[in-house]
Amino acid sequence: MKTITRQSLDNSIKDGAAYSAMLGLTQDYVTPFALALKASVPQIGILSALPNLSIAFSQLFAPFLSEKAKSRKGFVLKAVLLQAVCFIPAFILPVLFSDYGVWWLILWYTLGTMFGSLGNPAWSSLMADLVPGPIRGRFFGYRGMIAGIMTLAFSLLSGLLLQISADTLFLGFGLIFFGASLARFISSFFLNKMEDPQAKTPVKDNVSMKALLKGLNTTPMGKFISYSALINFSTYIAAPFFAVYMLRELGFDYLTYIIVISSASVANFVFMKVWGRVCDICGTVKILKLCSIFVPIVPLLWMFSHNTYYLIGVQALSGIVWSGFLLSGTNYIFESSNRRNRMRGFALYTGGNSLGIALGSLAGGLLVSILPQINGYHMLSLFLVSVIARAAVIGLLINGIKELKPVNTSIYQLFISVCKLDVLALRLKAVFQAIPQLPRLFRQPLRSGMVIRIFQLIIRF
């Protein structure tokens, strides 16, 4: 691998880490901020729907704008900077004009989301040229793992900040939004240091968006985009309202809320690297189908208990499932596209997902008030509708998605080697053999070398 390319990939990981810090500060706290502004349940649905509608709309002309720009990197950089700026008025204006605070939040959060999404097709095209095909799964798995760690860390930080500033709640939210803006500016710094190969050998997409739309039911990429959009629609019938269910109906405090939410992030970054290796060896479609089986199960599990520890386990399962689903989905778009149609392909993928999210959020906001209660909660009825919709989409469409590169390794054959269960067994054996020696070890004076060795063993394990 060329030194310049390696440096660009390193900077991409740092860019992703800073971007994930922004996500950790905001993605699970925009809804709580809206609730603090006295938002109604339909307004929560709109808060989820409008930003995603703006993404879907922006993807119609994002490839055209990026082609008119001098370089993909320059276009993405401008979009990122505009998003960073939008976080400041998204907090200040709702606080200053509290009578319309929720609507000011929706407006500026929508603008920021739209600006951020404008660069997605160009960024995806850029990364496709930078990341060698044979290591694509491992690279994005590793990048996703680092991103997951950052998302978790800053999400926990936000939750603790809100818990500490309970008496001055808007001060806590102000620090969160300012931190998100700063993180996005840092992201732009590392993005600017990346190489853009297409700047030297420009290649424009020769396939029109109209042609891609015609292939939604016939081409491999089109079938997957349709499937992904419908999965997002059925998922977001319920997804925006889990926060409402926990904070308003179950009465969770911010610390309990973030612990439950963060368990998904923990599982996400732990398994992201594993999914990356599996995708490279086993193929993306096997992983996509495996994870799809569990997609309807996650909201179903929310209906059986509201015990905090139980919900932590449910969210951990959610993190495992969605990390594999999203990584395999992104890899499938890379595999089913080429330089002629990749930018518009990713635009259609992003736009389709966002449209599904927006329509699902609006549908959920409308349904929640008319559905009957289950165990005293309207939200549980909404979760059940989402379960049925997810299962229907998977049952009808999943078999239409075919593997594009030949793979002969089954998931069962890979399970032990990928998860390194043989190595884990040896390490557990060593631990059990060492247990009888622990009393003698701790009776000795504690030396620095001993401490270092203990930490080395923990890290290796």
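Each residue's number is its place along the chain shown, starting with 1.
For all residues, glycine too, the Cβ spot is worked out from N, Cα and C.
TrEMBL annotations: computationally assigned, not manually curated.
Record features (TrEMBL):
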type	residues	note
TRANSMEM	75-97	transmembrane segment
TRANSMEM	103-123	transmembrane segment
TRANSMEM	144-164	transmembrane segment
TRANSMEM	170-191	transmembrane segment
DOMAIN	176-461	domain 'Major facilitator superfamily (MFS) profile'
TRANSMEM	224-248	transmembrane segment
TRANSMEM	254-275	transmembrane segment
TRANSMEM	287-304	transmembrane segment
TRANSMEM	310-334	transmembrane segment
TRANSMEM	346-371	transmembrane segment
TRANSMEM	377-398	transmembrane segment
(request) For the transmembrane segment (170-191), could you work out the same-chain residues 6 or more beyond its ends whose Cβ comes under 8 Å from its Cβ atoms? (result) 11-12, 14-16, 18-19, 21-22, 25-26, 29, 33, 36, 73, 76-77, 80-81, 83-85, 87-88, 90-92, 95, 154, 158, 161-162, 164
(message) Let me spell it out: take the transmembrane segment (377-398), skip the flanking residues so only those 6+ beyond its ends count, and list any with a Cβ under 8 Å from a Cβ in it.
(response) 223, 226-227, 230-231, 233-235, 237-239, 241, 244-245, 249, 288-289, 292-293, 295-296, 299-300, 302-303, 364, 367-369, 371
(message) Can you work out whether the transmembrane segment (103-123) touches the transmembrane segment (144-164), with the criterion being 3+ CB pairs under 8 Å where the paired residues are 6 or more apart along the chain?
(response) no
(message) Are there residues at least six beyond either end of the transmembrane segment (224-248) with Cβ under 8 Å to its Cβ atoms? List them, or say none.
(response) 28, 31-32, 35, 41, 44-45, 47-48, 52, 216-217, 254, 256-257, 260-261, 292, 295, 299, 302, 311, 329, 332-333, 336, 348-349, 352-361, 363-365, 367-368, 377, 379, 382-383, 385-386, 389-390, 392-394, 397-398, 400-401
(message) Below 8 angstroms Cβ to Cβ, which residues of this chain, lying six or more residues outside the transmembrane segment (75-97), approach it?
(response) 26, 33, 37, 65-66, 69, 104-105, 108-109, 111-113, 115-119, 122-123, 126, 170, 173-174, 177-178, 180-182, 184-185, 187-188, 191-192
(message) Below 8 angstroms Cβ to Cβ, which residues of this chain, lying six or more residues outside the transmembrane segment (346-371), approach it?
(response) 41-42, 44-46, 48-60, 62-63, 117, 120-121, 124-125, 209, 212-213, 221, 225-226, 228-241, 333, 337, 378-379, 381-382, 385-386
(message) Across the domain 'Major facilitator superfamily (MFS) profile' (176-461), what does the mean pLDDT come to, as a whole number?
(response) 78
(request) Using a Cβ-Cβ cut-off of under 8 Å, list the residues of the same chain that are 6+ residues beyond the ends of the transmembrane segment (310-334) and lie near it. (result) 124, 128, 133, 136-137, 140-141, 144, 148, 221, 224-225, 228, 246, 259-261, 263-269, 271-272, 275-276, 278-279, 284-285, 287-288, 290-292, 294-295, 297-298, 301-302, 304, 342, 345-346, 349, 401, 404
